[in-house]
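S.K.: Can you keep this structure in mind? I'll have questions shortly.
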Ligand SMILES: [Zn+2]
């Protein structure tokens, strides 16, 4: 066999085994009701919450809320999503902060809205939401726990995570938070799940991207969550150049002009294909009467999209932000640096 035909055969083998993303294999996302072709994700809100409990990892148990009562309170807000043409909601509540996959599955079944949950641990807010074993375990052990959730489902629910959610403080990364991103990188290499990291400013975002790269993970596997907290817009370009996703995810009626300014910058610099937007809204709060005050998910549809259109954004660009980018960001695909 000539070298050329050998290469050709090798290429065909790679194709048929589905190892090459985008060739021969349709990218999928993982919802709380199972896998879904990413192209069916539709208009998506990529960072929202349906329940959050800030009591802390030391005290949280799922007896702190009554699932039936939560469903009753939250259902109207999820039912309103299809009316706004939104088909998918990504729930960013991590374990030890009120992650309840069965609650999400129930809400998804009742409304037809696709919902994603996550694996991973949240170190932000000075580790208040980290379980005791996160302090003593190695990155390898944490990655084994998270990978097990992907392979066997979360607890006994059979529900699989659709992404990895971690959180770090807004200053330089501590050793503990370096361990979280290392564990996320190992888990990504095994599962192809995208890493969304509650981060805020540029410095720890850049440090996480550097650590991922050093471990062979491509920055396209990383979502810089709460990037709206970075004051210097030029820093968006530095991480976008690497391939990372820029998540501007705290949109509410009071800050639309600030988000518009950030999106105009990203559009002018040519990075719109790596930008995600959402509200970071919700949510049922255990311990408060009727779950407390719930911020709904309507601002992007009713106010922000019209504002973008008035400011020179096209329908195609809206579609990129709300449909195409979420499908690419959450597609389950190992994104590795060449040579890995
Ligand atoms: Zn959030």
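Each residue's number is its place along the chain shown, starting with 1.
Placed from the backbone N, Cα and C atoms, the Cβ positions cover glycine too.
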S.K.: Check TrEMBL: it lists 165, 198 as binding Zn(2+) 2. Then name which of 133, 177, 218, 226 it lists for that same site.
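M.R.: Site partner of 165, 198 for Zn(2+) 2, according to TrEMBL: 226.
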S.K.: Looking at the Zn(2+) 1 binding annotation from TrEMBL, with 47, 49, 165 already listed, which candidate in 280, 290, 296, 319 is the matching residue?
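M.R.: Answer per TrEMBL: 280.
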S.K.: Taking only same-chain residues 6+ apart in sequence, whose CB is under 8 Å from that of residue 49 (Zn(2+) 1 binding site), what do you get?
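M.R.: Residue 49 (Zn(2+) 1 binding site) has long-range Cβ partners 91, 92, 93, 280, 281, 282, 283.
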S.K.: Helix, strand or coil for residue 47 (Zn(2+) 1 binding site)? Use DSSP.
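M.R.: Residue 47 (Zn(2+) 1 binding site) sits in a strand per DSSP.
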S.K.: Show, in sequence order, which residues other than 47, 49, 165, 280 on the same chain lie with their Cβ within 8 Å of the centre of the Cβ atoms of the Zn(2+) 1 site.
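M.R.: Sorted by sequence, the hits are 48, 90, 91, 92, 93, 198, 225, 249, 278.
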S.K.: Taking the center of the Cβ atoms of 165, 198, 226 at the recorded Zn(2+) 2 site, which other residues in this chain have a Cβ no more than 8 Å from that point?
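M.R.: These residues sit around the Zn(2+) 2 site: 47, 92, 122, 124, 166, 167, 196, 197, 199, 225.
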S.K.: What does DSSP say about residue 280 (Zn(2+) 1 binding site): helix, strand or coil?
M.R.: coil
S.K.: Return only the integer: C-alpha distance in Å from residue 165 (Zn(2+) 1 binding site) to residue 198 (Zn(2+) 2 binding site).
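M.R.: That comes out at 8 Å between the alpha carbons.
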S.K.: Please list, in sequence order, those binding-site residues from 165, 198, 226, 280 with the Cβ less than 6 Å from ligand 1.
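M.R.: Cβ < 6 Å from ligand 1, in sequence order: 280.
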